[in-house]
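Colleague: As listed in TrEMBL for this protein:
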TRANSMEM  12-29  transmembrane segment
TRANSMEM  334-354  transmembrane segment
TRANSMEM  361-381  transmembrane segment
TRANSMEM  387-412  transmembrane segment
TRANSMEM  432-452  transmembrane segment
TRANSMEM  464-490  transmembrane segment
TRANSMEM  571-593  transmembrane segment
TRANSMEM  908-928  transmembrane segment
TRANSMEM  934-954  transmembrane segment
TRANSMEM  966-991  transmembrane segment
TRANSMEM  1011-1031  transmembrane segment
TRANSMEM  1043-1070  transmembrane segment
Amino acid sequence: MKVVAYSVKNPVVVCVGVIFLLLFGYLAIKQMPYSLTPNISRPTVSIITTWSGATPYEIEKEIVQRQEKFLKNLPNLLTMTSTSREGVAVVSLEFEIDTDMKKALLDINSKLSEVRGYPSGIDNPVVKATGENIAPVVYLFVKSDTQQSVKQFYTYINEDIVKLYERLEGVGSVDIVGGVAKQVQVILNTKQLAFYNITIEDVITALQNQNIDVSAGSLDYGQRAYRVRTIGLYQTTQDVYNTVVKTSDTQVVYLRDIASVIDSYELSTVPNIHNNNETISLQVRPTPTANVLELIERVKELTNTLNNTQMKENHLHIDWGRDSAGFIQDAIALVKHDILLGIILAALVLYAFLRSFSSVFVVSAIIPISILSSFILLNLMDRSLNVILLAGVSFAISMIIDSSIVVVENIYRHYSMGKRMFESCIDGTKEVLGALFASTITTVAIFIPIIGLKDDVGQLFSDIALASSSALILSFFICMIVIPSLYYSLAKFVHTTYKSNTCNIDSKNHSKLTRLIRDSLAVIFPRRIFSSRIIIRIIQPKHTFDLFLLMMGQFIFRIIANLVRFCLENVWTRIACVVFFIIFSVSISVAFFPKLDYLPKGSQNFLIAYVQAPNGLSYQERLDILQGIYTYHAPYMLANGFVGNSKYPAIKDFYISAGTTSIYFYAISNEPQRVKELIPLMRESIDSLPNISGTVVEQGIFSSSGISENVEVNIVGFDMDSMVKSANVFMELAKQYLPGARIRVFPSLDLGNREINLYPDMRSLAVNGLNVKSFGNIVDVVVGGKKVGDFRNTEGRIIDLILQSDNMTQSPEDILYSQIYAPSGRIIPLSSLADIRQDRGFSQIRHFEQNRNILFYINPQSSMPLQDVIHVIENVIKPQMQSQDVLGDNKILLSGNANKLHKLAKHLSGGFILALIITYLLLVALYSNFLYPIIIICTVPFALAGGFIGLKFVDVYIASHNLDVLTMLGFIILVGSVVNNAILIVYQSLINLRKYAMCVYDSVYEATISRIRPIYMSMLTSLLALSPLVFSSGAGSEIYRGLGAVIGGGILVSTIISVFVIPSLLVFALKPPKDIVV
């Protein structure tokens, strides 16, 4: 090809091109955003509707069921779940991956506008482009610098601060936990109500009718149009005082005559402690497509700005709690280190084989050129710099080295035939371009079915596919243009006699190299330090070491050559060779085939404990639990002077929250590698308190992408009592058959959420001028206060208006004896108007596809694959429950990862077969033959066996590892990479047969022998390049360890076996030209 000759003749032009590639590649890396994993698009929408004071049953009936009725028919909707808690409804919608979310949000709002019949007091639904299952990526903690409790700043933070964070790009939602909101409380005087003959319903009506603005349209007059409005909204508490409640011929009764109005705060419901301080927590959740590292940086910048301005002015401070930026940076740094170490190790192997610095330099130089060039394309494709992408780049290194070695070796082979170096560089490169193109195109083609996957893992795969493909495609052109030019230039500069049994540098060029190194070092160090004699001694080849390498190489070469000759000796040895290795590969694959898992199991420096306490605990009881757990951990906190000991590392960051429906706390270790040592401490703190239990979970490496490691099990039915019975049996069986698994259940199976239900006597209500609605309003006012409206105060903040009685109940017994003033003019006790009963209920009600459900999150031990968990549930627990007749009309449905594993395993199996078909068809097109590609693809079964061996090695000797879907990708990659050696043998055999007129046997044997050295060289360099990815441990190493083990094991075993099997099959398949006799 003319391009090859042009590159050899114009090395300066090639050098400039390389510099451009390196420069723009470096700039591309700087521009690419950092993240732990690729941006995984999981189209999820949450609809949040609040109804102050409503019970979960009311929320379910009046809000959730109405909304689900209209939302169920949304296009591209995958799953719909909901949670009804006290005062709030959350409906979560998950859509297909390729859904147009702008259109989906419009459809959702359109459907919500069709919902009718909401009771009064319900706020408008809020639609957020994020889901409850997406974990917060940043925890912020607001603290007071004064004696005033930080809880009382809730309204300011919620109104003025939260919105600033929600405006940041990539923020899906900001949860505010803790604090008490400002209120204007209207406290009724019961005696005055009776004196003026005013009922509570009269007061509610007066407040709601007067706290309103009414538009009267517009008025056109002359050249002007005037808007006409009636202004009645309250502006100050004085306006509330002046509300007219009742009028008669003789008097006007104002609210000030029957009530007092005070500025106050709502009752505390969620106590929070961060390290040693009371706090309000802000938890930032990302959108499904957010770049987490960039988002964290934007949050950090805003936090610093607020601390220096608004927060400082209000004597507040936002403490930075926990984020995932450190883990992401550590993970990326680790994989970069592994790539660099792999390149160094590969270079050492190259030197051991080539024993020529110039040849090693040529091959080693191609690696950074190809890698940096690939980032230009990746940046143009808007990829982020993440661990998955870098792993794809690292896997491409071994294939880049293969291509480089093939070119360098063939150049030397032509040079050893007596050609001039100029001709050798051109002819040697041209001769292998066909084989290089075949290996490159087949390797790249196998990624086609991977890129087509659109699930969570498919989006992870795409980064590996794009990174590897970009590097390989560019490396083909770089090998074609740069290697011959660079090799020829080095040969002119330092003439190296490149022979397999020697490594000499002639004295003339030796002195040139010596002067060059000496003069370069003289720029930095005094000349006397580095004399020519010292330089010569440094660069003088170690003849003893070279001799050892030569003898070892010749010994191994002779063994392999003799074995190849034995395998090709006759028909029976060839058949025996093929049959033996096929049986060996199949046996290994069957024996070592592991259980399936969803994603690699790894953890961050973040432990979170979920406390399961009895339902319906009072604020004080939850505060006592919080204080007990905090006190247990306080001596081990870094903030309290603890620096760690042999038993526990210091707790760098600690936070605990005790909400009405959940109590949880987290801990971060000051020594990330020892974070698991805090698990016993956290469990002990839970066990130290009576009547509570809990689980401690390590946050997974994919949690920031919304991908959970849990198995979700749904007990679906209608009757809650029956479902609780089934769920209790399931819990006991799960503990029995899934030992060590961390199991959480929502809602709690403890029916301890105490309720006081009033069943009205309709006759008594009618006699006293009441109905169910007015009676309910009265009870609301007497028990805890009823929200009757809101208004914007002088500070511009919206304040709730709460109506209360001066004899509010303090205990369940008080309700029995509470007296009200009825429209009939009598003061009567509540107990005479209704039957008051104490019942038990649930703290929340969940729906799965419109049906009530109890949800189990099962987090199995790291050694237990997802396939085993599914098998136990489907084939052990479920049949036992059916045999015991405890399921009834309820159903057990698996969701989440369990469903995804089945789908992905099916897709990947199809992808593997499609990769084989694509590879075969490409090889058929390249060779114009249907038989040779079959021989080449015969290397794949050997690679599969090697992959299983590699995975078993990792599982036994390094860390527990199952066959997760990322590891499955390794087997697809093997299809494209392991055929390269067979391609070389077949390609050279055909050249020997057709060009050099050899017989079939000699063609195959000579082709195999001539390729043993580059084949084993590329195999060893590939293994050492991959070894840091397999053996390293640290942040994120679990992501690519199994993938590296499969590829490394597959390359090792297939290389060893292919050298014997491929020639044996090829002798049967090759047909000599008519004028050649075998």
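From the backbone N, Cα and C atoms, a Cβ is placed for every residue, glycine too.
Because TrEMBL annotations are produced automatically, they should be read as predictions rather than curated entries.
So where do these features actually land, and what's packed around them?
Modeller: Beyond its flanks by at least six residues, the transmembrane segment (334-354) meets 360, 363-364, 367-368, 371, 387, 390-391, 393-394, 397-398, 401, 405, 408, 498, 549, 553, 1013, 1017, 1020-1022, 1024-1029, 1032, 1034-1037, 1040 of its own chain at Cβ-Cβ distances under 8 Å.
Packing against the transmembrane segment (361-381) from elsewhere in the chain are residues 18, 21-22, 24-26, 28-29, 31-32, 339, 343, 346-347, 350, 389, 393, 396-397, 400-401, 403-405, 408, 466-467, 470-471, 474-475, 478-479, 482-483, 486-487, 490: each is 6 or more residues past its ends and has a CB under 8 Å from a CB in it.
Beyond its flanks by at least six residues, the transmembrane segment (464-490) meets 1, 3-4, 7-8, 10-11, 14, 17-18, 358-359, 361-362, 365-366, 369-371, 373-374, 377-378, 381, 383, 388-393, 395-397, 399-400, 403-404, 407-408, 411, 421-422, 425-426, 428-429, 433, 436-437, 440, 443-444, 447, 450-451, 496, 969, 973 of its own chain at Cβ-Cβ distances under 8 Å.
Among residues of the same chain six or more beyond the transmembrane segment (571-593), those with a C-beta under 8 A of the stretch's C-beta atoms are 941-942, 944-945, 948-949, 951-952, 963, 1053, 1057, 1060-1061, 1064-1065, 1067-1068.
Remote same-chain partners of the transmembrane segment (966-991), defined as residues 6 or more beyond its termini with a Cβ less than 8 Å from a stretch Cβ, comprise 395, 398-399, 402, 406, 431-432, 434-435, 438-439, 442-447, 449-450, 457, 460-461, 464, 468, 599-600, 905, 908, 911-912, 915-916, 919, 923, 927, 932, 935-940, 942-944, 947, 951, 1003-1004, 1006-1008, 1010-1011, 1014-1015, 1018-1019, 1039-1040, 1042-1047, 1050-1051, 1054-1055, 1058-1059, 1062-1063, 1066, 1070.
Beyond the ends of the transmembrane segment (1011-1031), by six or more residues, the same chain brings 335, 337-339, 341-343, 345-346, 348-350, 353-354, 391, 394-395, 397-399, 401-402, 405-406, 409, 500, 556-557, 560-561, 564, 950, 954, 958, 980-981, 984-985, 988, 1037, 1040-1041, 1043-1045, 1047-1048, 1051-1052, 1055, 1059 to within a C-beta distance below 8 angstroms of the stretch.
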Colleague: Could you pull out which residues elsewhere in the chain have a CB under 8 Å from any CB of the transmembrane segment (387-412), counting only those six or more residues past its ends?
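Modeller: Hits for the transmembrane segment (387-412): 36-38, 331-332, 335-336, 338-339, 342-343, 346, 350, 354, 359, 362-363, 366-367, 370-371, 374, 378, 424-425, 428-429, 431-432, 435-436, 439-440, 443, 460, 463-468, 471-472, 475-476, 479-480, 483-484, 487, 498, 973, 977, 980, 984, 1013-1014, 1017-1018, 1021-1023, 1025-1026, 1029, 1036, 1039-1040, 1043-1044, 1047, 1051.
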